[in-house]
Amino acid sequence: MTSIAKSIVLLASLATFAYSLYVVGSLMMFLSTPRSISKAHTWIFNLLDNKSRLQTAYGPVVFDTLYLIGFIFQHSFLKSAVVKKLLAKLGLSGAERTIYSLTSSLCLHYLIVNWLPAQSIVLWQIDVEQSAPLWWTFVITHGICWVVIFGGSLVMDLPELLGVKQAYYDLKAYGPPISYKSGELRNLYAHVRHPSFVGLSVILFATNVMSVDRLVMALLLTTYMYLAWSTDQKDVAYQKIQLQRKKLELKAK
């Protein structure tokens with residue numbers, strides 16, 4: 001690409017960075033806002049006594065599942081070797097991560113905006129608004145999980161995670177940012193590129209109203225994360241070594 005084209009890619013990556021943060025903020029509100037209690041519900045164990053509730057949940061669950069499958073497909077397909085080779089042939093290697101981040105954010109934003117609740121069937125529901133201890137427990141639990149996720153994103157180099165650093169390095173004719181990292185860290189990033197499987201899983205399942213649509217989302221996304229994040233013993237050993245080094249550094253101070 002010419003320097004002008006690379007500059008445009010860099011500007012696009014900065015815009016994508018800002019948009020991605022906005023979408024993540026929307027996701028926080030979507031997943032972590034306490035849900036209101038509906039009196040018109042059927043416990044999931046009593047479906048045989050009230051089949052009409054099951055029928056009204058069909059439509060939302062089908063559409064929500066399609067939204068999730070679309071997001072998962074995009075998230076996996078754009079990481080494939082086929083897409084990477086195509087972008088390389090088009091001279092867009094420096095924009096690869098930006099394109100990935102932008103399309104991921106668009107799919108996630110579409111899912112959030114168009115999500116259809118199916119609260120006629122619930123697995124459990126807790127009215128946290130009527131109890132200050134329960135409300136604070138819910139808020140603090142989700143808050144800690146989000147702090148862990150954002151902290152992990154910063155540790156994993158957020159500008160690189162969202163594609164800004166790749167576009168900048170390409171403009172400056174540097175090598176890819178990942179090439180400046182150790183082999184062990186590159187191996188870890190190849191296996192997991194988002195922080196905190198546990199944090200995301202807790203956020204998905206620790207809801208005060210576990211309706212059938214939320215259950216479908218929690219099950220599909222945690223299953224996808226479990227299958228996609230394939231860390232091995234080398235990754236675990238590397239992280240243990242880094243943790244020990246950090247402890248020694250803190251003691252030295």
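Cβ atoms are placed via backbone N, Cα and C, with glycine included.
Listed as Cβ neighbours of the transmembrane segment (3-30) (distance under 8 Å, sequence separation of 6 or more from its ends, same chain) are residues 92, 94-95, 97-98, 101-102, 104-105, 108-109, 112, 115, 146, 159, 162-164, 166-168, 170-171. Annotated transmembrane segment per Swiss-Prot: 3-30 (among others), in sequence order, evidence recorded as sequence analysis.
The feature topological domain 'Perinuclear space' is assigned by Swiss-Prot to 31-56 (among others), with sequence analysis given as support.
According to Swiss-Prot, the feature transmembrane segment maps to 57-78 (among others), an assignment based on sequence analysis.
Positions annotated as topological domain 'Nuclear' by Swiss-Prot: 79-96 (among others). Residues 1, 6, 9, 12-13, 163, 166-167, 169-171, 176 of the same chain sit 6 or more residues outside the topological domain 'Nuclear' (79-96) yet have a Cβ under 8 Å from a Cβ within it.
Residues annotated as transmembrane segment in Swiss-Prot: 97-113 (among others).
Taken from Swiss-Prot, the feature topological domain 'Perinuclear space' applies to 114-132 (among others), supported by sequence analysis.
According to Swiss-Prot, the feature transmembrane segment maps to 133-161 (among others). Remote same-chain residues near the transmembrane segment (133-161) are listed as 17, 28, 31-32, 34, 97, 101, 126-127, 177-178, 189, 193-196, 199-200, 202-203, 206, 208 (criterion: CB distance under 8 Å, separation of at least six residues from the stretch ends).
Annotation source Swiss-Prot lists topological domain 'Nuclear' at 162-188 (among others), citing sequence analysis. Long-range Cβ contacts of the topological domain 'Nuclear' (162-188) within its own chain (Cβ-Cβ under 8 Å, at least 6 residues beyond either end) map to 1, 3, 6-7, 9-10, 12-14, 16-17, 20, 93-101, 231, 234-235, 238-239.
Within its own chain, the transmembrane segment (189-207) has Cβ neighbours under 8 Å at 31-32, 35, 138, 141-142, 145-146, 148-149, 151-153, 155-156, 161, 178, 181, 214, 217-218, 221-222, 225-226, 229-232, 235, counting only residues six or more beyond its boundaries. Annotated transmembrane segment per Swiss-Prot: 189-207 (among others), in sequence order.
Long-range contacts of the topological domain 'Perinuclear space' (208-213) within its own chain (CB-CB distance under 8 A, at least 6 residues past either end) are made by residues 34-38, 41, 44, 57, 60-61, 64, 115-119, 121-128, 134, 138. According to Swiss-Prot, the feature topological domain 'Perinuclear space' maps to 208-213 (among others), an assignment based on sequence analysis.
As annotated by Swiss-Prot, transmembrane segment applies to 214-231 (among others), with the evidence given as sequence analysis.
Positions annotated as topological domain 'Nuclear' by Swiss-Prot: 232-253 (among others). Residues 184-185, 187-188, 191-192 of the same chain lie 6+ residues outside the topological domain 'Nuclear' (232-253) yet bring a C-beta within less than 8 angstroms of a C-beta in it.
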Could you tell me what the rest of the chain brings near the transmembrane segment (214-231), counting residues at least six beyond its ends with Cβ under 8 Å? 61, 64-65, 68-69, 72, 75-76, 123, 188, 191-192, 194, 197, 200-201, 204-205, 207
Could you break down the residues of the topological domain 'Nuclear' (79-96) into DSSP helix, strand and coil, giving a count for each? 13 helix, 0 strand, 5 coil
